[in-house]
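Written below as structure tokens is the structure these notes are about.
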């Protein structure tokens, strides 16, 4: 039977929620990943160092006994951020600030209205070596939802990089050929995370034969040519600029199967297996370890994990749902098969 042993991966973009939801989902990530970069879009958002440290304590309390998993904490960038906050964050071990353009995604109402007013804050991030994580979509209602990432590149990303050229930027959960091209052409201070869904699915998987609410995420799934461009990027000559970030975003089944359903796909349960499928299909299984376990750590300036995990070429059936607080949670590929299984 085919096996693949890799350095334990890290999830560089993860939503863990809070309360009972946190307790339900944290063990899935802790089982596979050594570390994860934790998104700060709680209600209310994680905007201060005190907020982040308190949230980290709640995450640690939700982990299985004996778990070595380490959450890497971030702050939610708001219009009120200051250079002093950046210095405080650095001193407290916060790894990054996250940009949510106001209204772009789940719990983004506190997001930034004009990023260019925060240039002194971004300059301090560059000085302190704190990363700038970007949800790269414009929120202009006149821009089609399928074009919002591409529009963001010209309107925001390129001008910001021109003004703060040494800022370390992660273009999060990229979905388009344009975003991949920006990262490929930018300096080594610019990298990107890519989700399993944007490597495996296209917008037909969302809309053909009926609306598939469990395939609805933001940024929304794009056409097949974009999916192919992402696969080419993560397996190509400059693959070191791309790394694993699931954007696993749990929502109760009732909130997804809804007249106004929430955006987000829960993939943490079988994340590395889904990525293995991508790299296998691309004939690039030898590049999975760098994507999952090396590139992100290098970009964040942290050591690689010292232990390993082993994947076996053995099919598994994903559960139709799993418990989630008072409700249930539908994982990515619920009821379907994945060709790889982690040996636990």
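Any Cβ shown, glycine's included, is placed from N, Cα and C.
Binding site for Zn(2+) 1 per Swiss-Prot: 13, 15, 98, plus 247 from the candidate set 188, 205, 247, 286. In this structure, 135 is the one among the binding-site residues 135, 173, 251 with the smallest number of other Cβ atoms inside 10 Å of its Cβ. Looking only at the binding-site residues 17, 41, 98, 173, 218, the one with its C-alpha closest to residue 247 (active site) is 173.
Other Cβ atoms within 10 Å of the Cβ of residue 17 (substrate binding site) number 21 in total over all chains. Over all protein chains present, the Cβ of residue 16 (substrate binding site) has 26 other Cβ atoms lying within 10 Å. The Zn(2+) 2 site is set by 98, 135, 173; from the centre of their CB atoms, other residues of the chain with a CB within 8 Å are 13, 39, 99, 100, 105, 133, 134, 136, 172, 247.
Apart from 13, 15, 98, 247, the residues listed for Zn(2+) 1, the same chain places the Cβ atoms of 14, 37, 39, 41, 133, 172, 173, 193, 245, 249 within 8 Å of the centroid of those Cβ atoms.
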